[in-house]
């Protein structure tokens, strides 16, 4: 299994629709102002956060249970900047839609710009033949409110291609998050 380069990422995005919309270069400015970078890097792709967020709240005094998740645990928010309360959590989604080839597995890591501020981005791997918008998990580990910027980079996806095609892909087993469109809450 080997990591894939910028050339491979560009080819797969442009010829096979692996990432849509796709940015073939690295974008660091928008309208003359510096932003958290996104787009193709040497061995990965920096994804952007869309403007749809679900922010944890305790106003309804629910219990967080991954097997029986209560949607009242979140407040929906739409905007260019999301403020995550101290020691709290928010969900978002990528601006990019992914179609992962059968021979590929991805690993997604948070960007150091956010990590150095105590904001941790967690995303599980994109499995072979999974497709959809990626649900992003942001943890504010600080005692202060933290900003997340929509339309800017938030994490980097690394692509690994196996030397052997898997017997059963995510699509084959009817994965529960296949084709997800918006911010998707836990399912069992």
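Here, residue 1 is simply the first one shown, and the rest follow in order.
Every residue gets a Cβ built from N, Cα and C, even glycine.
Sequence annotations record features per position, and here Swiss-Prot assigns dCTP binding site to 111, 112, 113, 114, 115, 116, 135, 136, 137, 156, 170, 180 based on sequence analysis. If you look up Swiss-Prot, you'll see 137 marked as active site, proton donor/acceptor, on the strength of sequence analysis.
Features recorded in Swiss-Prot, as mapped to the structure shown.
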residue : record            : DSSP class
111     : dCTP binding site : coil
135     : dCTP binding site : strand
170     : dCTP binding site : coil
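Cβ neighbour counts within 10 Å, taken over all protein chains shown, single out 135 as the most crowded of the binding-site residues 113, 135. With a 10 A radius on its CB, residue 137 (dCTP binding site) counts 15 other CB atoms from all the protein chains.
In this structure, of the binding-site residues 111, 115, the smallest number of CB atoms within 10 A of the CB marks 115. Across the residues annotated as binding dCTP (111, 112, 113, 114, 115, 116, 135, 136, 137, 156, 170, 180), the widest Cα-Cα separation comes to 34 Å. Around the Cβ of residue 170 (dCTP binding site), 21 further Cβ atoms fall within 10 Å across all displayed protein chains.
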